[in-house]
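One structure below.
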């Protein structure tokens, strides 16, 4: 009996110890009654909270009911190295077993570095959305993307991005002392390009004619930047040289009346020119007289140094005209009684290279006859001043200035039926002088 009681107490002790242990390990709820009889439930306290601080912080963070958004993962794209885009590697033989190519690729996984220049901070808006991890310090990582900056000058080595020495000075001035690669946007530094700041210089005056007689050239120039000079050239026609008075070697391919004898250099060259029966010339002259505009009856005052468009009633359309009274026209020799002249421009729809030539007196009235009248130009100076001289001026010289004989082949234009000018008595005097000359 005693043994049974003792065994029972041992069993009860074990059960009591087990129950106490379970009671201690089970979470305890504390209740507090309010005055209105409503029970308020406190938060459950876990005895493991003190031993795991990170779990407690997690509970406190999520107690607000707001879950943090997961950080977006950047899409990783494969890096493609295209040798065709790299000048120094374009001709490399990558098919051989050991190609002579050395490529350095640097990967930065560290946190963003402090940039020592304001270059990255002031990039344009296109770069503002990029993540901080994509920012590369220019001073520390200038060789990371070296193919993009071939012109970058290394102050220490004196070489550019390709490893070759820089021979020419950079045209850019930058107050930070470091050259800036192109295409990186605006910076705080005050940098300008010398070439675009310079104002375009004025043209110099025309140089004297390269010859003292006959046909020559004159030039003018202006600066277009460092080590650059722009030059323009134009022809200048002076008094024909003595050797040119009878020279007809390069005139239109005219044929003589008998079709066999070419132009000579004898005294009868004018007669040979007058008696030319070239079929080509006849067709060309007919086309010229048909297409060219009629001479205006008065000289337009606003045409000086300008190109004007004037309506031609006979052709029912407008033609462009320009002044032809400059010094190189030598009106004092070829049109002695004219004060000013006009020359029509080449037409886009025209089938010839000719131009109408009209001259005017002191009263700006068209000279329709006599020594000052203009005649059609078979070759416009707008197309070729050299050919114009040989085709339109040289025949006048061959006839020794006898305009009456010249006008028999190239009659002055008066298609608008302007008043005859000069008057009859003056015209007869000029005609007598020309024949006696």
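Every residue gets a Cβ built from N, Cα and C, even glycine.
Of the given residue ranges 84-119, 120-155, 156-191, 192-227, Swiss-Prot assigns the label region 'Disordered' to 156-191. Here the C-alpha separation of residue 228 (disulfide bond) and residue 209 (disulfide bond) works out to 24 Å.
The disulfide-bonded residues considered are 236, 241; of these, 241 has the fewest other C-beta atoms within 10 angstroms of its C-beta.
Most other Cβ atoms within 10 A: among the glycosylation sites 217, 349, that distinction falls to 217. In terms of C-alpha distance, the listed recorded positions 209, 217, 241 place 217 closest to residue 349 (N-linked glycosylation site). Cα spacing between residue 213 (disulfide bond) and residue 224 (disulfide bond): 33 Å, rounded to the nearest whole number.
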